[in-house]
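J.: So Swiss-Prot lists these for the protein:
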type	residues	note
BINDING	R193, W200, D201, N237, R246, S247, Q248, R307, P308, E309, G341, E556	substrate binding site
CARBOHYD	N288	N-linked glycosylation site
CARBOHYD	N293	N-linked glycosylation site
CARBOHYD	N359	N-linked glycosylation site
CARBOHYD	N451	N-linked glycosylation site
CARBOHYD	N516	N-linked glycosylation site
REGION	303-323	region 'Disordered'
SIGNAL	1-23	signal peptide
Amino acid sequence: MFKLPTISLLLVSWSCLVALSQAKTYSLPDLTTDYNNAIPVDEEEAQDPFASCKIYCEGNLLHTIQTAVPKLFADSKTFVDMKLNNSPDKTLEDFNAMMEAKNQTPSSEDLKQFVDKYFSAPGTELEKWTPTDWKENPSFLDLISDPDLKQWGVELNSIWKDLGRKMKDEVSKNPEYYSIIPVPNPVIVPGGRFIEFYYWDSYWIIRGLLYSQMFDTARGMIENFFSIVNRFGFIPNGGRVYYHGRSQPPLLTGMVKSYVDFTNDDKFAIDALDTLEHEFEFFVNNHNVTVKNHSLCVYRDSSSGPRPESYREDVETGEEFPTDEAKELHYSELKAGAESGMDFSSRWFISPTGTNDGNRSALSTTSIVPVDLNAYLYWNAKLIAEFHSKAGNTKKVTEYETKAEKLLLGIQEVLWNEEAGVWLDYDMINQKPRDYYTPTNLSPLWVKAFNISESEKISASVMAYIERNKLDSFPGGVPNTLSYTGEQWDAPNVWAPMQYILVEGLNNLNTPEAKNMSLKWATRWVKTNFAAFSKDRHMYEKYNADEFGVGGGGGEYEVQTGFGWSNGVIIEWLSKHGRDISIGSGCGCLAGEKRQ
């Protein structure tokens, strides 16, 4: 067991970065405990794991570079992913001298020259890595009957080699020169502009790796997350220090469950229990709210200022607010929306009249109790209890079963809506359910956060909900919402993880109607992905529900290719349904078809 003597200094680092209003603050847990699976880290990083945050997370240098006119970078993320050529202190000292010499009004060219001298291009901290356990012909290919789909499976399996990344040794030796968070093992990254690991993306990436028999790579990625929890007390949104104030949907325990199911390595889960418990407690202690006498959780962030990776965009939307306090609250809502993974969506809009109308100025993420987060936490508690049962820890089994039961009761009494026939997010401002479709309304089905004895009743109400909202009418998959706002997590965009939650959730109901719809939607998703790949040779981050075989759009950046979670979901469904799906079989979708 590795002692973390300097972890309390992390709290000091955090306290220097947190400057939210009283309405938005919450305390951090005690991070002074010993943990299994902790790894030694570079001494300098241990002293101040966020040493580079003075460059990449906040301050006048960040603000000046990111708001330069004309702008220096098309994408705000470019700058905060660059490597420092000097120490943070030296860089700040010389920046301040330059600002003084330019009377605090440097030109865009002055700033460009400064960046060119003091920073190196993004990605220099990483090198391409071919996973050592990659197999040319993994066994899932034998489960695919259609020859075209089988060849596609071969090509998808090869993409893992394209997405492999390994951090250079200098990152762990000099972490203060980088925004990237050092981890001990290589990773599979999402792709495109996302050249580092991301938390919830990794769940579906790891599932795909396991089906590809890449057990060592999958285990290494999970162990990276263990090391991060054991150093920082939680898993940031992604592998950069500028994500320090927020996490993403808590799926680490689910990753461990997936690994154990494939390998039967119960010891791996048992040894990880302290870490998994700590992450669970981080969420329930720091994201909790009380609604109708139930303790449930919301998405929220603990940092101040705009998102560094979208700095210019946040400053621009913040200009709509009249005071610094109002701007800060808006930045908090933006980052809470990012923690949800759905950045951004009308799901998080609360208009003055209590609807989901508006734009980003209406973001109220921290005032919405989300179905998915609470369902995931229920699942975490159940899995932790299961792992303790394997270890023979009967007291801990009872403790976490009790936690799960309390969460389930809250989900049932606050979030289940009898009239809608599904679960609905809850608006704490207007004290009412939010009756707007989003796939997460069905997320309890995926993690079995419902009474199995009521499966028939729930199935009937869910199928009626699908019919009422015409969710089966989209040729390119089921969209994330039915609102066309231009945000990337609204219509017409459709995302692999949300299709997965819908399909696997319906299958878990185990009724003929639900299972048939599950297979129909899985087939449709495989085919629209195949059509897009056949045409463009890309797996996309998101797709267009209104058009068969077309990538998505909208949001703050161009649609990205790669793409980790899209690959993972397709590989899993080719493994599960490859004998049932053929290019010529029906799915309610046709090449070139558009929704009317």
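Keep in mind that glycine also has a Cβ here, set from the backbone N, Cα and C atoms.
Map these features onto the structure and tell me what's around them.
T.: Listed in sequence order, the residues of the same chain lying 6 or more apart from Q248 (substrate binding site) and placing their CB within less than 8 Å of its CB are Y198, Y199, W200, I235, N237, G238, E339, S340, G341.
Within the same chain, residues at least six positions away from N288 (N-linked glycosylation site) with a Cβ under 8 Å of its Cβ are S295, L296, C297, V298.
Close to N293 (N-linked glycosylation site) in the fold, though at least 6 residues off in sequence, lies no residue with a CB less than 8 Å from its CB. Look at N293 (N-linked glycosylation site): DSSP puts it in coil.
DSSP assigns N359 (N-linked glycosylation site) to coil in the three-state reduction, outside any helix or strand. Cβ-based neighbour count (10 Å, all protein chains) for N359 (N-linked glycosylation site) stands at 15.
The C-beta environment of N451 (N-linked glycosylation site), restricted to residues of the same chain at least 6 apart in sequence and closer than 8 Å, is empty.
For the recorded site, N516 (N-linked glycosylation site), the DSSP three-state label reads helix. With a 10 A radius on its CB, N516 (N-linked glycosylation site) counts 12 other CB atoms from all the protein chains.
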J.: Would you identify the secondary structure of P308 (substrate binding site) according to DSSP, in three states?
T.: helix
J.: Under DSSP, the region 'Disordered' (303-323) has how many residues in helix, strand and coil?
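T.: The region 'Disordered' (303-323) comes out at 11 helix, 0 strand, 10 coil.
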J.: How many Å separate the Cα atoms of R246 (substrate binding site) and N516 (N-linked glycosylation site)?
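T.: So the alpha carbons of R246 (substrate binding site) and N516 (N-linked glycosylation site) sit roughly 38 Å from each other.
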J.: For D201 (substrate binding site), list the number of other Cβ atoms lying within 10 Å of its Cβ atom.
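T.: D201 (substrate binding site): 27 neighbouring Cβ atoms within 10 Å.
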J.: Looking only at P308, G341, the binding-site residues on record, which one has the least crowded Cβ, with the fewest other Cβ atoms within 10 Å?
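T.: Taking P308, G341 as the binding-site residues, the minimal 10 Å Cβ count falls on G341.
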J.: Which entry in the list of binding-site residues, R193, R246, has its Cβ near the fewest other Cβ atoms, using 10 Å as the limit?
T.: R193
